[in-house]
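A.B. asks: Below is the structure I would like to discuss, written out as structure tokens.
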């Protein structure tokens, strides 16, 4: 195999995005579009491509970190100029250089691998990724000779009327022989309507020098979609979501209403899980087998066990064990950990707490900064009062305890194993194991009170 590297062009301003954020950092399927490009390159064995940065370059470098090395293009003078800026970063031992854009998140690793194979097997100086589309307006057109070899690429603004009728277009991704590429870059000039150094001009130079230029034609034209506007961003999102939905359905996941379910590209879902409408799976979430998720549920950066039911709920950065039931209308905040067979019911909020095996928080409760043992029942309306206005404090509820409805547990406080808290209590002291704790005023009944009140008002 030839020694390879890739140059990713990511220096543009993205003016039509109307955003302060660099264009390539806008997200598709939950991650910046340039990360999709780097993922595809990783699939091809390129672990650290060269990313050419300019507008918002520091933000791009901060986001990508050591996934890439970087070259600066301080002035945006065209694609050819961008590759010139990357030249010092290309190792001497590299034989083949791929050049592609950072705003093409739909390109797959399989397509890039096929492009590389076509290039290296042909012995060409340059290979162009192309597509045949119905409406080629705005794209550079591919010019071929009688043998079918590429002779040149003419940009839309420089094309004559005959050339504009050509439907085969440049997808903006190339493979080059390293030595031929940099020799040709030394010869290009900005003699065009844009006054820029076009990378595509090197292809004509290859031909003039007796080199071969070939094309690799895409079967799925959607892969070439570049993103220059919010509309195109939404179009790319739709294409990638369709891919992800098909991927998981092919893996044994049932989607009741596929168009209404959204996946992060890094999410993982087990077989025989059913996902109901209006559900969003974000971040590096892992969902086990045999679960029922949704409807109207959002799960982000969480690990869900097997045979879990989550209905109409929000789960953020949490861990849920096997056979749990969550919702409807529950809110699991970061740091929540549910052991096996836990029930969290309607209108329950849990934050930074561990709930033990078989325990239940059925409804209308807040549990924060707490450790709850096994087989605990927390009655409706229970609140762990964890905040004193300055610090957070921990509530500990040990195995088998029963917390009556409408209880306030004022932390720091411990409820011992198998203790019983009477309904309506406010607990401010530790409760020993096996004890009964009741803290409430004695009930008073005033008979005929309503009648006296009415009589006195006459």
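Along the chain as shown, the residues are counted starting at 1.
Cβ from N, Cα, C; glycine included.
The region 'Pyrophosphorylase' annotation in Swiss-Prot covers 1-230 and rests on sequence analysis. Positions annotated as UDP-N-acetyl-alpha-D-glucosamine binding site by Swiss-Prot: 9-12, 23, 73, 78-79, 140, 155, 170, 228, 333, 351, 366, 377. What Swiss-Prot lists as Mg(2+) binding site is 103, 228, and the listing cites sequence analysis. Per Swiss-Prot, the feature region 'Linker' maps to 231-251. Residues annotated as region 'N-acetyltransferase' in Swiss-Prot, with sequence analysis given as evidence: 252-458. Marked as active site, proton acceptor by Swiss-Prot: 363. Annotation comment: Swiss-Prot describes 380, 386, 387, 405, 423, 440 as acetyl-CoA binding site, evidence class sequence analysis.
How buried are the listed features, and what sits near them?
C.D. replies: Under the three-state DSSP scheme, residue 170 (UDP-N-acetyl-alpha-D-glucosamine binding site) falls in the strand class. The Cβ of residue 170 (UDP-N-acetyl-alpha-D-glucosamine binding site) has 24 other Cβ atoms within 10 Å, all protein chains considered.
If you draw a 10 Å sphere around the CB of residue 228 (Mg(2+) binding site), it holds 16 other CB atoms from the protein chains shown.
If you average pLDDT over the region 'Linker' (231-251) in this model, you get 98.
Non-local contacts of residue 363 (active site, proton acceptor) by the CB criterion (under 8 A, 6+ apart in sequence, same chain) comprise 345, 346, 347, 348, 380.
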A.B. asks: Rank the binding-site residues 23, 333, 440 by the number of other Cβ atoms within 10 Å of each Cβ, and give the residue at the low end.
C.D. replies: 440
A.B. asks: Under 8 Å Cβ to Cβ from residue 405 (acetyl-CoA binding site), same chain, six or more residues apart: give me those in sequence order, or none if nothing qualifies.
C.D. replies: 379, 380, 381, 382, 423, 424
A.B. asks: Using Cβ-Cβ distances, find the residues under 8 Å from residue 366 (UDP-N-acetyl-alpha-D-glucosamine binding site) that belong to the same chain and are at least 6 apart in sequence, listing them in sequence order.
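C.D. replies: Expected: 348, 349, 350, 351, 382, 383, 384.
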A.B. asks: Is any of the binding-site residues 103, 228, 386, 387, 440 within 10 Å of residue 9 (UDP-N-acetyl-alpha-D-glucosamine binding site) (Cα-Cα), and if so, which, in sequence order?
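C.D. replies: Cα within 10 Å of residue 9 (UDP-N-acetyl-alpha-D-glucosamine binding site): 103.
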A.B. asks: 9, 423: which of these binding-site residues has the sparsest Cβ neighbourhood within 10 Å?
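C.D. replies: Counting other Cβ atoms within 10 Å of each of the binding-site residues 9, 423, the minimum falls on 423.
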A.B. asks: In the structure shown, which of the binding-site residues 78, 140 has the fewest Cβ neighbours within 10 Å?
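C.D. replies: Fewest other Cβ atoms within 10 Å, among the binding-site residues 78, 140, is found for 78.
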